[in-house]
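Visitor: My questions all concern the structure below.
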Amino acid sequence: MMTYEYILVRYGEMTTKGKNRSKFVSTLKDNVKFKLKKFPNIKIDATHDRMYIQLNGEDHEAVSERLKDVFGIHKFNLAMKVPSELEDIKKGALAAFLQVKGDVKTFKITVHRSYKHFPMRTMELLPEIGGHILENTEDITVDVHNPDVNVRVEIRSGYSYIMCDERMGAGGLPVGVGGKVMVLLSGGIDSPVAAYLTMKRGVSVEAVHFHSPPFTSERAKQKVIDLAQELTKYCKRVTLHLVPFTEVQKTINKEIPSSYSMTVMRRMMMRITERIAEERNALAITTGESLGQVASQTLDSMHTINEVTNYPVIRPLITMDKLEIIKIAEEIGTYDISIRPYEDCCTVFTPASPATKPKREKANRFEAKYDFTTLIDEAVANKETVVLQTVEVVAEEEKFEELF
């Protein structure tokens, strides 16, 4: 019985790139190789327009499950490779059609002749291939407008690809082509989604989390580590910086009027994150803010908070409502972790009536009454850094270390 031997990957948005497309293709190939490390027999050939993954006996379903999380892939097809002879093409098309799962009642044939010297024209091939499928199946009909299955045939010199099973990729651009940002990872629903969407634009992420023991627990800290771990499904690794924030928050609570404590806290977070970004050669800061969702996410608040950093602040969720954000969180696997009932530092010393239209002048005046410089320096110096990778990579490295 014929089985799938190849996976053909289509790039999507990458095809709009010009002279630097080779960089995008090379990065995508590198990311795919990393993602498929546990499949040693696979061979990958990345061309200007498409990527060919030769399975060499590896499980196509297991490989497909990994590919769907790689940014830069628009779609991919499971494919069979047959000689460019009519009878071989007909047999291959039938074999591919019979492997399609689900309730299939209709199909159509699509033929692309890259090899123009093939002795039959496209309009001659369609009834030959389609007729062979009809002769060898029951209760199946042709529907050229809305078929259950599209049997794609690509004819080349010497060989042809047969494809039925088309699957969606993650879209976007390959992680690593767009520089690096620092993501403020709070432990809530929003910030992991912001990190995911930032990676989708080809940007590598490192995460900064502020924790305030004993007001926040070790379980809250572990929750954020688990979120960062979940995000490694979409990249090679996530570096997480855990910043001790207790003294900063206690001082804010003591020195700053309660209505401005939330605003000043966010400004301190920005200052500390900018310092870490400088150390780590990041080019921007990403947050999970959604316009108007809470008091610190009004336009006035963002305007006042932004004052303290020269870095671009990326807000991927800015126009989304909560239900849209939750939907993405559920799809990417972070929602169930985010709703664990452990407090983060943003809920510590929460003011009863935070200012929704804070002014820069007032924030600067309140901050001028106390020198926060030393506290900021200590927070940066005492951060804990954890590098997280996919579970399979960690297991592979541990297995390697056991050999020595």
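Glycine too: its Cβ is placed from the backbone N, Cα and C atoms.
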Visitor: Given Swiss-Prot annotates Leu184, Leu185, His209, Phe210, Gly288, Gln297 as ATP-binding, which of Arg167, Arg266, Arg267 belongs to that site as well?
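Guide: As annotated by Swiss-Prot, Leu184, Leu185, His209, Phe210, Gly288, Gln297 share the ATP site with Arg266, chosen from Arg167, Arg266, Arg267.
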Visitor: Output the one of His209, Arg266 that, of all these binding-site residues, has the highest number of other Cβ atoms within 10 Å of its Cβ.
Guide: His209
Visitor: Counting only other Cβ atoms and using a 10 Å cut-off, which of the binding-site residues Leu184, Leu185 scores lowest?
Guide: Leu184
Visitor: With DSSP as the yardstick, break the domain 'THUMP' (61-166) down into helix, strand and coil residue counts.
Guide: 34 helix, 34 strand, 38 coil
